[in-house]
Structures are given as structure tokens and as C-alpha cells.
Amino acid sequence: MPELPEVETTLRGIRPHLQGRILKSVTVREPRLRWPVSEAIYALRDCPVVALRRRAKYLLIELEHGQLLIHLGMSGTLRVVDMDLPLRKHDHVDLLLDSGKVLRFNDPRRFGSVLFQGGDQPHSLLQSLGPEPLSDSFNGQWLFARSRGRKVAVKSFIMDNATVVGVGNIYAQESLFMAGIHPSRAAGRISLARYQALAEAIKRVLAQAIEAGGTTLKDFTRADGQPGYFAQSLNVYGRAGQPCVQCDAILKADRHGQRSTAYCPQCQR
């Protein structure tokens with residue numbers, strides 16, 4: 001599933017092609033995504049694109065009188081292509097620009113979404129979200145305060161969007177390894193000092209992943225069609241049964257929710 005670095009990489013790839021352009025029209029070939037394509041999208045014509053930004057894992061395209069929200073789901077990608085480029089399988093939505101280019105949404109598994117919110121009010125999906133992990137408002141003090149009395153595993157705690165947005169399975173595992181914290185440790189039993197280390201690890205891991213263009217394991221490609229290269233830097237994710245890069249102990253795996261979690265039994269406590 002594309003996580004925050006992949007969405008941020010996509011944003012940086014498409015922004016130069018969309019910001020300041022005119023959205024001429026929208027073509028929907030398959031409306032049956034995670035949520036049906038918003039009815040209002042079909043009527044969009046000649047809309048100036050004011051800005052593009054990201055909130056959590058949502059790409060937000062700001063128009064003069066509303067906002068498009070795009071979520072990549074499990075397998076979605078966005079590419080900026082010539083309008084006459086032949087379609088590929090699973091090309092579900094096209095946003096035609098006045099430049100003759102098209103922002104094309106491809107999603108084999110159809111867990112993504114393309115939604116519209118009119119007016120100035122934020123979409124309901126954007127409400128009740130925690131801070132952005134790369135912002136100044138996210139720090140160890142925030143994690144420490146929110147975790148008091150919580151018995152949930154710290155990995156599940158930092159993957160909760162009410163705690164902090166965009167820290168998915170891959171980057172939660174990598175951040176906990178960098179901070180030396182066992183993923184199963186109860187969130188409420190971690191000290192302020194260790195949460196400060198974890199917050200810094202989350203920021204560092206996400207920044208490194210963005211710099212590498214995200215992580216391509218199966219479906220994800222950047223807006224230019226190229227893969228992300230952070231997979232070459234993974235220390236624990238997908239490496240259970242292999243030696244730890246720091247101490248050579250064999251990495252183990254636990255399950256949190258429906259996800260397998262790799263960790264080092266020596267380095268993470």
C-alpha cells in the first residue's frame with residue numbers, strides 16, 4: 001500500500017504539471033472504487049487548479065470552488081501523460097488539462113478513491129486526523145502525552161491516524177528499529193526520552209524514504225513511471241529470519257492486527 005513517502009513523492013511529481021493549469025474535464029471509466037466517484041466530478045469543467053498538497057495519505061487538488069481528494073488505496077498510481085496515450089488496463093479516471101496532458105489514475109485493486117468536496121469546508125475524511133509526522137507539532141512530548149494509560153502495542157499506536165498520520169506498516173517497523181523499541185511494548189509504558197527518540201526516528205525514516213522516491217515492493221511507481229528505491233534501505237521490514245544489520249541476531253516476527261512485524265530481539269526492547 002502506498003504510504004506517506006509514496007504519496008508525497010507522487011505529489012512532487014505531478015504538481016509542476018497541474019498547478020496553475022485549467023482542469024478542462026474529467027473522464028471516469030470505472031466509478032466503482034473504494035467509494036463511488038463523486039457525482040459532482042462528472043460536471044467539472046474549466047476549473048483553475050489553485051494548489052496541490054497532501055494531508056495524511058490523501059492528495060488534495062485545490063480548485064477555485066472545491067477540492068479533489070485522491071487516495072491511492074492498495075495499488076493506485078498517478079501518471080501525467082499525453083491525452084492520446086493508449087490506455088492501459090485499470091486506467092479508471094482521467095483529468096484533462098489545458099496543456100493537453102492528462103492526470104491518469106490507475107488502480108488494479110480499486111481500493112483507491114477520487115472524491116470531491118465543494119466549498120471551503122474540509123471533507124469528513126480529513127477530520128479527526130493527528131499531526132503530520134514531519135511537522136513541528138509532532139514530537140516526543142506529543143506521543144508521550146497521548147500514550148498515557150494506553151495498553152495497545154506501540155506499533156499499533158503510531159499507526160493510528162489519530163496519533164500521527166501516514167506512518168504505515170513499513171515505516172512503523174523501520175522507525176521502531178531505529179529507535180530501539182520493541183513493537184509489542186505497551187504504548188503507555190514507554191518513557192518520554194524513548195518517545196523523543198521514536199519521534200526523531202519517524203521523521204528521519206520518512207525523510208529518507210521521500211528522498212529515495214518511496215518504496216516499491218509491487219505496484220507503486222512514481223508519477224514518471226519509475227520505481228522508488230527505499231526498499232534497498234530496509235533494515236527489518238520483510239527480513240524476518242535474516243541477520244540483524246546491527247548485531248547479527250536473527251530477526252523475528254510477531255503479528256499486530258493482520259500485519260506481520262519484523263524486529264530484532266537484541267536491539268529492540
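Each position is counted from 1, following the chain as shown.
Note that Cβ sites are derived from N, Cα and C of the backbone, with glycine treated the same way.
Just so it is clear, the model here is predicted, and its values are computed rather than measured.
Now, the feature entries from Swiss-Prot:
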ACT_SITE  Pro2  active site, schiff-base intermediate with DNA
ACT_SITE  Glu3  active site, proton donor
ACT_SITE  Lys57  active site, proton donor
BINDING   His90, Arg109, Arg150  DNA binding site
ZN_FING   235-269  zinc finger
ACT_SITE  Arg259  active site, proton donor
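Working note on the recorded positions Lys57, Arg109, Arg150: by count of other C-beta atoms within 10 Å of each C-beta, Lys57 ranks first. Spatially, by CA atoms, the active-site residues Pro2, Glu3, Lys57, Arg259 include one closest to Arg109 (DNA binding site), and that is Pro2. Of the recorded residues, Lys57 (active site, proton donor) and Arg259 (active site, proton donor) place their C-alpha atoms 19 Å from one another.
Cα separation, His90 (DNA binding site) to Pro2 (active site, schiff-base intermediate with DNA), rounded: 17 Å. Counting only the Cα atoms, the space from Glu3 (active site, proton donor) to Arg150 (DNA binding site) is about 25 angstrom.
Sorting each residue of the zinc finger (235-269) by its DSSP state yields 0 helix, 12 strand, 23 coil. A distance of 28 Å separates the Cα atom of Arg150 (DNA binding site) from that of the residue listed as 'active site, schiff-base intermediate with DNA'.
The average pLDDT computed for the zinc finger (235-269) is 95.
Note: the Cα of Pro2 (active site, schiff-base intermediate with DNA) and the Cα of Arg259 (active site, proton donor) are spaced 15 Å from each other.
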